[in-house]
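A.B. asks: According to Swiss-Prot:
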type     : residues                               : note
ACT_SITE : TYR105                                 : active site
BINDING  : ASN159, TYR161, HIS170, HIS232, ARG243 : 2-oxoglutarate binding site
COMPBIAS : 7-22                                   : compositional bias 'Basic and acidic residues'
COMPBIAS : 32-46                                  : compositional bias 'Acidic residues'
COMPBIAS : 262-278                                : compositional bias 'Polar residues'
COMPBIAS : 279-288                                : compositional bias 'Basic residues'
COMPBIAS : 289-310                                : compositional bias 'Basic and acidic residues'
DISULFID : CYS196-CYS233                          : disulfide bond
REGION   : 1-50                                   : region 'Disordered'
REGION   : 259-312                                : region 'Disordered'
REGION   : 334-358                                : region 'Disordered'
Amino acid sequence: MSATYTDLREKLQSLYRDSPKEVRKRKQPTSDTEEEEAASEPEEEEEARKVRSGIRQVRLFSPDECARIEAKIDEVVSRAEKGLYREHTVDRAPLRNKYFFGEGYTYGAQLQRRGPGQERLYPKGEVDEIPAWVNELVIRRLVEHRVIPEGFVNSAVINDYQPGGCIVSHVDPIHIFERPIVSVSFFSDSALCFGCKFQFKPIRVSEPVFFLPVQRGSVTVLSGYAADEITHCIRPQDIKERRAVVILRKTRTEAPRLEMKSLSSSYQPERLQGSNRQHILKPKRSHRKADPDAAHRPRILEMDKEENRRSVLLPKQRRRSHFSSENYWRRSHDYVDTYTETGEDDGSPVRKVKMRRH
C-alpha cells in the first residue's frame, strides 16, 4: 500500500529518507561532476549577486500592527466563505486561496488561448475594490516610508497559504504589471526562493539560486533582475504554519483586457439584487480532493506560463528536448530547440505549453 502524506513537506522528506543510496551517490560525485560544479560556482555566485541587487527588504510592521492586519485578512476569508465577493475576486485551490482586489486577471484554465503572454485583465468591475483597510493599514505605511509613490497601487492580491502549500516558480506577467512588485508577509515567517526547478511525480524542488528569508511584518520589493530575469517561488517546506502575503502592484495602462462578451460568466454585478446576487456570488471551491502531488499547483504551472513569454516560434519538425521548462526563457538563446511549436492539419505554428490542471 502506498504511503499517504498530509502535505508536500512530508513527501519531500520521505524521498530523501527512503533513498539513502541515491543520497550517498550524490555525496560522492565523479571527478567530472566535481569539475563541472566547480566551474559553475562563479556563475551561480554572479547570478545570486544580480538577484540580490534587485531586492529591497524592510521591516515596517510591529507585532501589534501585524495582528490588526491579520484580523482583517481573517475577515476577508470569512466574507469569501459567505459568498459576499464577486465571482472573480476569489480563486480557491487546495492549501492556497487567492483574493483579487482592484484588478484581477485570467490565467491557467481561465485563458481562452493557453500560453505565455496570454494573460488578460478582467473588465473593470469584475473584482471587488481594494478594501479600505488595505489602503489605511498597509499602503499608507509604504507611502510614508517611501517604499512606493502615492497612487502607485491599483491591484492588491491576498495569498493565503496553509502549511505545506506553495506556489511554483514564476515571473509576474511583465505585460500586465509594472515594476516594482511589493509584498508584505503576515501570520508567520517563510522564505522566497529564486531560480528553483519544480518536478512532479515524484515531487521535487531543486536548490535555489538565492534564498531570501521573509519575516512576519516584513516588506519585500522586487525589481530589475530579481523581478524580470529569474523566477521566484515559495517551496512547500518553507510554509510550516499558515502564512498570508499581501501583494501590491500597478497594472500597465496598455495591459490587454478581456471584453465583457468574452467572459465565461455572464453575470453583471450592477444588475444583481437580493437573492439573485447571493445565489450567483457563491464561494468558488475546488471539486477535486487535495492531492499531495497537485495540492499547490495553479491551473497551469506558472513556470510554464510566465517564463516562456520570450519563447520563439520553432519549425514544425523540431521537437522538445529533455530540458525542463523552468528557466527556459532565461537561456532560450542557448537552447532554442527545447520547445517545439507544432500545428494541426494546416501546419500553422502554435506554442506548445505543458499543462497541469486541478
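Yeah, the Cβs are placed from backbone N, Cα and C, and that goes for glycine too.
Each of the listed features needs to be described in terms of its position in the shown structure.
C.D. replies: Using a 10 Å radius centred on the Cβ of TYR105 (active site) and all shown protein chains, the other Cβ atoms total 24.
Its Cβ placed at the centre, ARG243 (2-oxoglutarate binding site) has 22 other Cβ atoms within 10 Å.
Around the Cβ of CYS233 (disulfide bond), a 10 Å sphere holds 25 further Cβ atoms from the protein chains shown.
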A.B. asks: Out of HIS170, HIS232, which of the binding-site residues is least crowded by other Cβ atoms within 10 Å?
C.D. replies: HIS170
A.B. asks: Express in Å, rounded to the nearest integer, the largest CA to CA distance found among the 2-oxoglutarate-binding residues ASN159, TYR161, HIS170, HIS232, ARG243 named in the record.
C.D. replies: 19
A.B. asks: Closest of the recorded positions to HIS170 (2-oxoglutarate binding site), Cα to Cα, picking from TYR105, CYS196, CYS233?
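C.D. replies: Minimum Cα distance from HIS170 (2-oxoglutarate binding site) across TYR105, CYS196, CYS233 lands on CYS233.
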A.B. asks: Between the Cα atoms of CYS233 (disulfide bond) and ASN159 (2-oxoglutarate binding site), what distance do you get, rounded to the nearest Å?
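C.D. replies: Checking the Cα atoms of CYS233 (disulfide bond) and ASN159 (2-oxoglutarate binding site) gives a distance of 13 Å.
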